[in-house]
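**Q** I'd like to ask you about the structure that follows.
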Amino acid sequence: MLWSAILLPVLAVLSGAQTNTPTNNDLADARRFLGDYNARAQEVWNAYVVASWNYDTNLTDHNNDILLEKSLALTEFEATAYVNKTKFNTTGFPDDIIRQFDFLGSAPSEGDTARRLQETLSEMGRIYAVGQVCDQDDPDNCRGLEPGLTEIMATSRDYEERLWVWLRWRDAVSKVIRPHYVTYVQLKNQIARENGYADYGDQWRRKYETDTFEQDMLDIWEEVKPFYLELHAYVRRKLYDVYGEKINLRGPLPEHLLGDMWGRFWTNLYSLTIPFPDKESLDVTPAMLEQNYTIMRMYEVSEEFFGSLGLLPLPTTFFQRSMLQKPTDREVACHATAWDFYDGQDFRIRMCTKIDMEDLLTIHHEMGHTQYQMQYAHLPLVFRDGANDAFHEAVGEVLALSAATPQHLHAIGLLDTVPDDHDADINFLLLQGLNMIATLPFSLVQDLWRWRVFSGDIPENEWNKKYWEMKAEIVGVVPPEERGEDQLDITSIYHVANDFDMIRYYARTIIEFQFQKAMCDEAGIPDPLYKCDIYNSQPAGTKLANMLKLGRSKPWPDAMQEMTGQRKMLADSWKAYFQPLYVWLQEKNRENGDEPGWDVNWRPDASSASATLPATFLFLTLSSVIGLLLFA
Ligand SMILES: *[C@@H]1O[C@H](CO)[C@@H](O)[C@H](O)[C@H]1NC(C)=O
Ligand SMILES: *[C@@H]1O[C@H](CO)[C@@H](O)[C@H](O)[C@H]1NC(C)=O
Ligand SMILES: *[C@@H]1O[C@H](CO)[C@@H](O)[C@H](O)[C@H]1NC(C)=O
Ligand SMILES: *[C@@H]1O[C@H](CO)[C@@H](O)[C@H](O)[C@H]1NC(C)=O
Ligand SMILES: [Zn+2]
């Protein structure tokens with residue numbers, strides 16, 4: 001779930017190519033240059049995004065040809081702008097002007113780099129979008145990821161069926177992507193270096209604008225890890241109850257059992273992990289179906305929430321131009337995304353919406369992106385972005401935190417009663433934790449691996465091997481079968497196949513709780529944080545809007561300060577939110593005799609031997625492992 005499909009390297013914080021002598025120190029000239037750039041960039045970007053939309057929502061060769069053409073025009077424009085900007089010596093200019101210069105343009109690339117990159121990206125995107133898995137006993141019955149395979153991975157409790165889907169999806173997608181990914185890494189690194197970065201991972205990290213970014217993320221992991229370990233041990237016990245000896249009670253978890261195609265979110269394990277099953281269910285999908293919810297109604301409910309905070313309404317073109325439902329007459333990319341067309345008025349969402357609770361919350365997420373895009377639409381083009389990508393991802397999630405509370409679901413008529421006792425609270429917090437605790441190490445590893453690949457630290461002939469080693473050590477998750485170097489399993493997820501970093505999801509999962517705390521305080525709603533619903537609070541909405549309006553015009557700590565009164569990403573509010581669950585999980589695991597942590601060497605193939613593992617096998621402490629991974 002992302003906010004836009006645009007990833008050309010428009011960012012050039014460090015200038016590598018010395019293409020002009022920086023002699024022009026005239027501020028009026030600089031302002032004219034920026035004014036001219038902005039007026040023209042809007043048009044070039046708009047043409048590119050339109051072509052990108054047309055391709056993604058109708059995957060034909062013809063549309064791909066047009067996309068390639070517009071993409072090359074954009075690259076050419078940004079390269080010229082880059083060369084032009086190097087005439088300026090910005091010493092002494094106002095910060096705001098210098099910041100625009102920093103972000104503007106991208107160094108010209110040698111030869112046909114831009115064309116090859118666009119072709120590679122289009123091809124990886126297409127392979128991902130059209131990937132299918134056919135039934136084991138009916139090869140004519142094939143399903144795409146959304147809704148077919150997603151549905152199986154959400155609900156099936158058949159070990160073999162899940163295994164089949166998991167394996168064949170990777171055969172259809174990530175195995176085919178692998179050779180293109182090699183090209184992608186090479187070209188992205190080349191362009192990053194032309195723009196003065198050490199490699200593409202360095203470029204990604206620098207977008208977060210703090211020297212300590214990587215260490216900050218690892219420090220946060222140390223803080224939240226105890227929560228994850230308890231959740232992992234609890235879920236392992238529950239999976240054991242369903243899958244028996246396939247699960248080792250001291251081992252890592254087989255990835256194909258975790259509720260989606262990748263083990264990214266474990267939310268769909270709720271039905272088999274619910275702590276107090278006798279309490280009223282928190283899943284409002286049945287109520288939505290009973291009330292004949294339509295896709296349109298779901299968007300209206302979300303829009304009404306934003307409106308209740310005094311935030312901006314959607315433009316009328318939104319509903320005319322968005323793709324909110326999977327079309328049946330053509331191939332499309334389905335992954336939910338929110339698009340800014342850079343003309344200040346055209347904003348759209350692409351989503352193959354299902355009528356269920358998960359997608360109701362996803363709509364809030366995407367609408368958060370759209371709200372951000374509308375709030376900063378008045379800024380110069382290079383500032384029309386989140387304070388950082390984690391901020392962009394956090395906006396809708398903050399609203400979803402409120403929207404998911406039983407209090408709120410009751411208020412909008414989807415839950416009969418508001419359960420209000422300790423057991424019900426634990427049910428709710430576990431549901432939230434299966435998403436917002438479980439996903440943290442997943443996202444972290446996705447980018448720890450990519451940073452090391454871009455830097456050349458992991459050689460190409462060990463890409464898949466190292467990925468699974470990192471997963472086993474940090475996430476405690478392993479593949480259901482041994483994997484080879486003909487595969488590249490990390491590219492089986494949209495964000496990797498489509499060139500999005502994922503540390504944004506890690507950081508946003510932390511900062512959304514900081515935002516929620518700030519907004520609940522502003523709304524005058526007392527703790528506990530997990531009960532807070534900011535619905536109808538205009539003061540909370542104003543606080544949020546003031547931050548969103550900044551776009552990327554200031555370094556993100558300024559935006560953080562606007563929102564929370566301090567300048568760091570901190571796990572305090574996240575921890576406070578999950579504290580009651582943490583206490584409960586600890587007690588429950590002790591009661592079950594379950595030790596948090598895992599034997600990093602256990603694999604599902606060896607499950608029959610699990611009872612005879614030597615007593616000396618190693619429970620790795622995660623901190624030592626992360627140290628090795630990053631500094632070895
Ligand atoms: C899909 O694109 C093709 C061009 O390749 C076009 O002829 C067709 O009308 C488009 N379909 C839709 C539904 O837009
Ligand atoms: C760059 O400068 C050249 C020469 O002045 C001009 O023709 C061109 O339009 C400029 N392009 C951009 C993108 O600034
Ligand atoms: C830019 O201008 C400043 C102040 O006029 C001067 O000190 C500096 O040497 C100039 N830099 C370059 C690279 O010419
Ligand atoms: C939902 O639709 C069914 C079948 O059309 C109808 O019988 C029922 O009354 C509707 N329920 C609501 C709440 O509108
Ligand atoms: Zn998103």
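Glycine is no exception: its Cβ is also placed from the backbone N, Cα and C atoms.
Okay, so TrEMBL annotates it like this:
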SIGNAL    1-19  signal peptide
CARBOHYD  N58  N-linked glycosylation site
DISULFID  C134-C142  disulfide bond
BINDING   Y208, R504  chloride binding site
DISULFID  C334-C352  disulfide bond
BINDING   H365, H369, E393  Zn(2+) 2 binding site
ACT_SITE  E366  active site, proton acceptor 2
ACT_SITE  E366  active site, proton acceptor 1
ACT_SITE  H495  active site, proton donor 1
ACT_SITE  H495  active site, proton donor 2
DISULFID  C520-C532  disulfide bond
TRANSMEM  611-631  transmembrane segment
**Q** Of all the disulfide-bonded residues here, C142, C520, which one's CB has the most other CB atoms within 10 A?
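**A** Of the disulfide-bonded residues C142, C520, the highest Cβ count within 10 Å belongs to C520.
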**Q** N58, C352, E366, H495, R504: which of these recorded positions put a Cβ within less than 6 Å of any ligand 1 atom?
**A** N58
**Q** So which of the recorded positions C334, H495, R504 sit close to ligand 3, that is, with a CB under 6 Å from an atom of it?
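**A** Listed by sequence, the hits amount to none.
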**Q** Look at each of the disulfide-bonded residues, C134, C334, C352, C532, and point out the one with the fewest other Cβ atoms around it within 10 Å.
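**A** Ranked by other Cβ atoms within 10 Å, the disulfide-bonded residues C134, C334, C352, C532 bottom out at C134.
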**Q** Checking your reading of the structure: which of the recorded positions C142, H365, E366, E393, C520, C532 lie inside a 10 Å Cα sphere centred on R504 (chloride binding site)?
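**A** The recorded positions passing the 10 Å Cα test are E393.
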**Q** List the same-chain residues at least 6 positions away in sequence whose Cβ sits under 8 Å from the Cβ of N58 (N-linked glycosylation site), in sequence order, or say none.
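**A** Listed in sequence order: R330, E331, V332.
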**Q** Identify, among the recorded positions H365, H369, H495, R504, the residue whose Cβ has the fewest other Cβ atoms within 10 Å in this structure.
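**A** Comparing Cβ neighbour counts within 10 Å for the recorded positions H365, H369, H495, R504 gives H495.
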**Q** To the nearest whole angstrom, state the Cα distance for the pair Y208 (chloride binding site) and H365 (Zn(2+) 2 binding site).
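**A** A Cα-Cα distance of 21 Å.
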**Q** Whole-number answer please: how many Å between the C-alpha atoms of C334 (disulfide bond) and H369 (Zn(2+) 2 binding site)?
**A** 17
